[in-house]
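Below: the structure, in structure tokens.
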Amino acid sequence: MSLSTVNHAAAAAAAAGSGKSFSAAAPAAPSVRLPRTRAPAAAAVSAAAVGADRAADRVSALSQVSGVLGSQWGDEGKGKLVDVLAPRFDIVARCQGGANAGHTIYNSEGKKFALHLVPSGILHEGTLCVVGNGAVIHVPGFFNEIDGLESNGVNCNGRILVSDRAHLLFDLHQAVDGLREAELANSFIGTTKRGIGPCYSSKVTRNGLRVCDLRHMDTFGDKLDVLFKDAASRFEGFEYSKSMLREEVERYKRFAERLEPFIADTVHVLNESIQQKKKILVEGGQATMLDIDFGTYPFVTSSSPSAGGICTGLGIAPRCIGDLIGVVKAYTTRVGSGPFPTELFGEEGDLLRKSGMEFGTTTGRPRRCGWLDIVALKYCCEINGFSSLNLTKLDVLSGLPEVKLGVSYNQPDGQKLQSFPGDLDILEQVQVKYEVLPGWQSDISSVRSYSELPLAAQRYVERIEDLVGVPVHYIGVGPGRDALIYK
């Protein structure tokens, strides 16, 4: 049976307006939901206490330097876990990427915050947030984000440090990003148009400007002139004049004054904090399948969102890094172009997209949706050495008569592939072998104890653990902070 057997449920789900889970399929006879026996108050309190103890044990056991990394193509829900873990850490640090990352978190009152560059620990007053040298900084966007936070009562004063080694992302990088995509025509990458790739290109070709250059405005204009001329020589559609340069320099003089209190030698700050036994939580942007080296190249980002990016993006020694938590949706999504072996098309994909509200935080683009790809997940686990997984959006699968796991890839001739292929010609032709498991009908969004999950949901979680060889310690069953099960 496939997802198409429950397509008729979409209308009912839309009418219900829940936006959380699939409606239960009822092809022949109405399903009967047995009433749940209400537990005595004392037992309920005891269960809550056990859950709280398990949560405290899980979080307190994390190493001094821990990381939260994406293990698909992004949008897995990393920000929520970082937000939940942040109160137990002194510092939350971003190591790579820029405003192309979109992390959605909720405060204790349920107010939604969409962060792009500011680390997700910002909602916790005692947490210092660090944007490391591996990130790229669009200063106007950074200030817009801070202004938005402060207008909603979040104090950012003295709580964010930006590496003096981080590269500056200019509006010209964003313009070049759009021109580059237009030039590629039908083979475009599908970037966020935030200028990330062109900025990293400037970094690699060694004509980029860094945050520390804002302290030397006497030479800033000459360096920026090189960038403008480079873009103008490369793209006919890029207009450049000396007046544009003067305006941009004057603009950045104002930015430099405001940014100065945020600028720090974050390599020194972080390593000194490690010596002082402070706890550091690293928040990865994007995900391993978008890694410039290990992702589905060229449909990737321009940085390293895998474990290696922590060291190079923050200046932390490998021996200091302990627990790494891989965040993975209970199904798979992808924004933009590139191979997606388990993708669902037509009404099947639409149903999953609507139920999971799968639209990009940064771009608003509808995400491509499909079944959980175990081959890709296992590959990510191997690269990063995850100590545990956070399985998110399990509630979205509620109501399906069956759920599927893509457990292996076969070539067109039927030969099984032994690993995740780097060759896109091979990857685009693979035939996915699925393992079918029974679904569950009940709404699990209010469940807070693993033992209270339907048995079918528990089997799904445990089968994932068996297949990838990494334990699932955290299970997301809704968007709020409290919608998390500690296993």
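Counting starts with 1 at the first residue shown.
Each residue, glycine too, has its Cβ placed from N, Cα and C.
Going by Swiss-Prot, these are the annotated features:
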TRANSIT   1-46  transit peptide
BINDING   74-80, 102-104, ARG367, 393-395, 476-478  GTP binding site
BINDING   ASP75, GLY102  Mg(2+) binding site
BINDING   ASP75, GLU76, GLY77, LYS78, ASN100, ALA101, GLY102, HIS103, THR192, ARG206, GLN286, THR301, ARG365  IMP binding site
ACT_SITE  ASP75  active site, proton acceptor
ACT_SITE  HIS103  active site, proton donor
BINDING   THR361, THR362, THR363, GLY364, ARG365, PRO366, ARG367  substrate binding site
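Cα proximity to GLY77 (GTP binding site) (within 10 Å) is found for the following recorded positions from ASN100, HIS103, GLY364, ARG365, PRO366: HIS103. The Cβ neighbour count for THR104 (GTP binding site), using a 10 Å radius over every protein chain in view, is 17. Within 10 Å of THR104 (GTP binding site), judged by CA to CA distance, lie the following binding-site residues from the set ASP75, ARG365, PRO366, ARG367: ASP75. Under the three-state DSSP scheme, GLY102 (Mg(2+) binding site) falls in the coil class.
Put simply, GLY102 (Mg(2+) binding site) is 11 Å from LYS80 (GTP binding site) when counted between their Cα atoms. Highest Cβ count within 10 Å among the binding-site residues GLY74, GLY77, GLY102, GLY364, PRO366: GLY74. GLY102 (Mg(2+) binding site) is 20 Å away from VAL477 (GTP binding site) when you measure Cα to Cα. Put simply, GLN286 (IMP binding site) is 7 Å from ASP75 (Mg(2+) binding site) when counted between their Cα atoms. Burial estimate for the binding-site residues (ASN100, GLN286): highest at GLN286, by number of other CB atoms within 10 Å. Among the binding-site residues GLY74, GLN286, ARG365, LEU394, the ones whose Cα sits within 10 Å of the Cα of GLY102 (Mg(2+) binding site) are GLY74, GLN286. Of the recorded residues, GLY364 (substrate binding site) and HIS103 (active site, proton donor) place their C-alpha atoms 13 Å from one another. In three-state terms derived from DSSP, LEU394 (GTP binding site) belongs to a helical segment.
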